[in-house]
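Student: Quick one: the structure is below, questions incoming.
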Amino acid sequence: MAKKDYYEVLGLQKGASENDIKRAYKRLASKHHPDKNQGSKDAEEKFKEINEAYEVLGDAEKRAAYDQYGHAAFEQGGGAGGFGGGFGGGGFGGFEDIFSEMFGGGFGGGGRRNHVVRGDDLRYDIEISLEEAVKGCKKDIRISTLAECDTCHGSGAEKGSKVETCSHCHGSGRIRRQQGFFVTEAVCPSCHGSGKKIEKPCKSCHGDGRVQKAKNLSVTIPAGVDTGNQLRLSGEGAAGENGAPAGDLYVVIHVREHDIFERDGSNLYCEVPISFTMAALGGEIEVPTLDGKLKLKIPAETQTGKLFRVRGKGVASPRGGYAGDLICKVVVETPVALNDEQKDLLRKLEESLAGKSKHRPQQESFLDSVKNFFSNLGKH
């Protein structure tokens, strides 16, 4: 089945900005996260599709390659972003690995003599709250991975069984072939790349030297992370073949949407409702922050949409430095469920303001614009 356009997956146009891409990813990843849709295969596939799209569009270089070549730019790379098919997938190999596999490490031949295959890199998606993202936290996770077999200690052979060098590839694990001017390499079909022949394979791991195991890990998430950030846990991926080094584990962060705050980079945004009397006369109101409440002075004659900046109450960068700001947007509330007395008072206020444009600057500005529009329309 043909892959969907990555922009279409995120619901974006091709010219979308970096912030548009990040916002779309956060919204969709939160909506389709497996924790919120347990047991839903459709949600799981959609979540993988969203992550794959963001791995490419969220990276400037990969996005440029995708814009020019489409999916063909990554067809040989083992999956977007280097993940070989998701959580349990293959490594982060690039073009160097591709050419090494094709030409044995270079155009002159000289292929690998010892078959050492590093373990696969793994991916784990974790969802945290905004508070945890801003302040940092520790999370215990459980992953399933290939680990060294306890029975044979990675040899792949039963105790006392002979392990001989493969006679087909002479222990290299690879077969070299001459094709014109080029020397190519392929995995040995006899030993399947191990470089050895086992007389009696280990019954626990069937000769692989590795078995699937569950592993518990404690992950320290630094303060200031955001959705899409990745934490690399070196050596916590799958065990390598034949004693080769293990791969790495990449923990991908997803920050849940907050009931009050919306994050944009290092700044936090929130809406603050105020009464129309406070908007007219001014006053003081309590506003929330992630560190507790603080008082904000509202000047007289404040209009809906006015922004107030509270410095240093945003998010600090994981790399250090100053915290961003909290931006409060004022929303003037219209009173509801009024009794007759209250309605009479408002009518008297309305009558006292009638015909006095200085009391209604926005309305008068709007009416002037309408008059000018129709006046200019009549001249054409």
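Here, residue 1 is simply the first one shown, and the rest follow in order.
Including glycine, each Cβ sits where the backbone N, Cα and C put it.
As listed in Swiss-Prot for this protein:
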type	residues	note
BINDING	CYS149, CYS152, CYS202, CYS205	Zn(2+) 1 binding site
BINDING	CYS166, CYS169, CYS188, CYS191	Zn(2+) 2 binding site
DOMAIN	5-70	domain 'J'
REPEAT	149-156	repeat 'CXXCXGXG motif'
REPEAT	166-173	repeat 'CXXCXGXG motif'
REPEAT	188-195	repeat 'CXXCXGXG motif'
REPEAT	202-209	repeat 'CXXCXGXG motif'
ZN_FING	136-214	zinc finger
Student: May I have the list of same-chain residues other than CYS149, CYS152, CYS202, CYS205 whose Cβ is within 8 Å of the Cβ centroid of the recorded Zn(2+) 1 site, in sequence order?
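Tutor: Residues close to the Zn(2+) 1 site, other than CYS149, CYS152, CYS202, CYS205: ASP150, THR151, HIS153, GLY154, SER155, GLY156, ALA157, PRO201, LYS203, SER204, HIS206, GLY207, ASP208, GLY209, ARG210, VAL211.
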Student: On the three-state reduction of DSSP, what should I expect for CYS149 (Zn(2+) 1 binding site)?
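Tutor: The three-state answer is coil.
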Student: Taking Cα atoms as reference points, rank the binding-site residues CYS166, CYS169, CYS188, CYS191 by distance from CYS149 (Zn(2+) 1 binding site) and give the first.
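Tutor: Closest by Cα distance to CYS149 (Zn(2+) 1 binding site) among the binding-site residues CYS166, CYS169, CYS188, CYS191: CYS191.
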Student: Where else in the chain does the repeat 'CXXCXGXG motif' (188-195) make close Cβ contacts, counting only residues six or more beyond its ends and a cut-off under 8 Å?
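Tutor: Answer is 114-115, 117, 156, 165-169, 171-175, 241-242.
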Student: Cα-Cα separation of CYS188 (Zn(2+) 2 binding site) and CYS205 (Zn(2+) 1 binding site), in Å?
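Tutor: So the alpha carbons of CYS188 (Zn(2+) 2 binding site) and CYS205 (Zn(2+) 1 binding site) sit roughly 21 Å from each other.
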Student: Take the C-alpha atoms of CYS166 (Zn(2+) 2 binding site) and CYS202 (Zn(2+) 1 binding site) and report the distance between them in angstrom, rounded.
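Tutor: Cα-Cα, rounded: 18 Å.
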Student: Count the other Cβ atoms sitting within 10 Å of the Cβ of CYS149 (Zn(2+) 1 binding site), across every protein chain shown.
Tutor: 21
Student: Whole-number Å only: compute the distance from the Cα of CYS191 (Zn(2+) 2 binding site) to the Cα of CYS202 (Zn(2+) 1 binding site).
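Tutor: Counting only the Cα atoms, the answer is 15 Å.
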Student: When DSSP is mapped onto helix/strand/coil, what comes out for CYS202 (Zn(2+) 1 binding site)?
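Tutor: It is coil.
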Student: Could you round the CA separation between CYS152 (Zn(2+) 1 binding site) and CYS169 (Zn(2+) 2 binding site) to a whole angstrom and send it over?
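Tutor: Per the Cα atoms, CYS152 (Zn(2+) 1 binding site) and CYS169 (Zn(2+) 2 binding site) stand 24 Å apart.
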Student: Taking only same-chain residues 6+ apart in sequence, whose CB is under 8 Å from that of CYS202 (Zn(2+) 1 binding site), what do you get?
Tutor: CYS149, THR151, CYS152, SER155, GLY156, ALA157, GLU158, GLY209
Student: Among the binding-site residues CYS166, CYS191, which residue has the fewest other Cβ atoms within 10 Å of its own Cβ?
Tutor: CYS166
Student: Could you list the residues of the same chain, at least six apart in sequence, whose Cβ is under 8 A from the Cβ of CYS169 (Zn(2+) 2 binding site)?
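Tutor: In sequence order, ILE175, CYS188, SER190, CYS191, GLY195 meet the Cβ cut-off.
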Student: Near the Zn(2+) 2 site, what residues other than CYS166, CYS169, CYS188, CYS191 in the same chain have a C-beta no further than 8 Å from the centroid of the listed C-beta atoms?
Tutor: SER167, HIS168, HIS170, GLY171, SER172, GLY173, ARG174, ILE175, PRO189, SER190, HIS192, GLY193, SER194, GLY195, LYS196, LYS197
Student: Among the binding-site residues CYS152, CYS188, whose Cβ has the fewest other Cβ atoms within 10 Å?
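Tutor: Per-residue Cβ counts within 10 Å for the binding-site residues CYS152, CYS188 bottom out at CYS188.
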